[in-house]
Amino acid sequence: MASITNIQELSTNQHDIEKQSTNMEVEIVDYSKRAQWLRAAVLGANDGLLSTSSLMMGIGAIHQDSKSMIVTGMAGLVAGACSMAIGEFVSVYSQYDIEMSQIKRENAMELFEEKKKKLPSPLKAAGASAFAFAIGAIVPLLGAAFVKDYHVRLGVVVGVVSLALLGFGGLSAYLGKAPLVKSSLRVLIGGWLAMGITFGFTKLVGVTGLYA
C-alpha cells in the first residue's frame, strides 16, 4: 500500500514539474524573420544618409552657398528614393517568382495560400526602402538648411550625419542581436570614408577646372 502511495506521489510530482516547465518556457524569437524588412530599412536609411550627405559635401567642395548644397541634396533624395524602391521591388519580385515556381514544382498547391503568405512582399520591401532612404536623406538636409557660414555648415552636416549613422548602426545591431559597438563603428567609419572621398575628389576636379 505504501509503495502504491509513493508511486502516485512521484507521478503527481512529475506531472507538476512538467506543468511548471511548460509554464516557464521562454518564447524564442526567430530574428531571421526580421531580415527582409530590416535589410530594406537599414540599407535604405544608410544609403539615404551616405549618398545625400556625400553629394552635398561634394557640391560643397566647389560651391560655398547653401542653396547649391540643399538643391543637390533634394535631387539626391528624390532620385535615390526612386532608385532604391525600384531596385528593391525588382529584387524581391525575382525572389518571389523563384519561390512560387518552387512551390509549384513541389506540387504543394494544397498549401499554396499558407506558403504564399510567407513569401516576401515586393511592394512592402520597395516602400520600406524608399521611405527609409528619404528619412536618412532628410538628416543632412536639415543640418545644412539653417546654417549660413560655409565651414560651420560642412561641420554641422558631418556632425549630424555621424550621429545618425551611429544611431542607425546601433538600432540595426540591437534588432538583429549583433555586437552593438562594432556594428555602429563600422557604419560610422564607412560614412566618413564616403563623405571624405567624395569631398576630396570633387575638390580635386574643381581645382583642375574640369567642371567649368
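Just so it is clear, glycine is given a Cβ too, placed from its N, Cα and C backbone atoms.
Annotation comment: TrEMBL describes 69-93 (among others) as transmembrane segment. Beyond the transmembrane segment (69-93), the same-chain residues lying 6 or more positions past its ends with a Cβ under 8 Å from any Cβ of the stretch are 36, 40, 43-44, 47-48, 51-53, 55-56, 58-60, 63, 120-123, 125-131, 133-134, 137-138, 140-141, 144-145, 153, 157.
Positions annotated as transmembrane segment by TrEMBL: 125-146 (among others).
For the transmembrane segment (152-175), same-chain residues at least 6 beyond its ends with a Cβ under 8 Å from one of its own Cβ atoms are 31, 34, 38, 42, 45-46, 49-50, 53, 56-57, 60, 66, 69, 136, 139-140, 142-144, 182-188, 191-192, 195. The annotation transmembrane segment is assigned in TrEMBL to 152-175 (among others).
If you look up TrEMBL, you'll see 187-211 (among others) marked as transmembrane segment. Here the transmembrane segment (187-211) has long-range neighbours at 46, 49-50, 53-55, 57-62, 158, 161-162, 165-166, 168-169, 172, meaning same-chain residues at least 6 beyond its ends whose C-beta is under 8 angstroms from one of its own.
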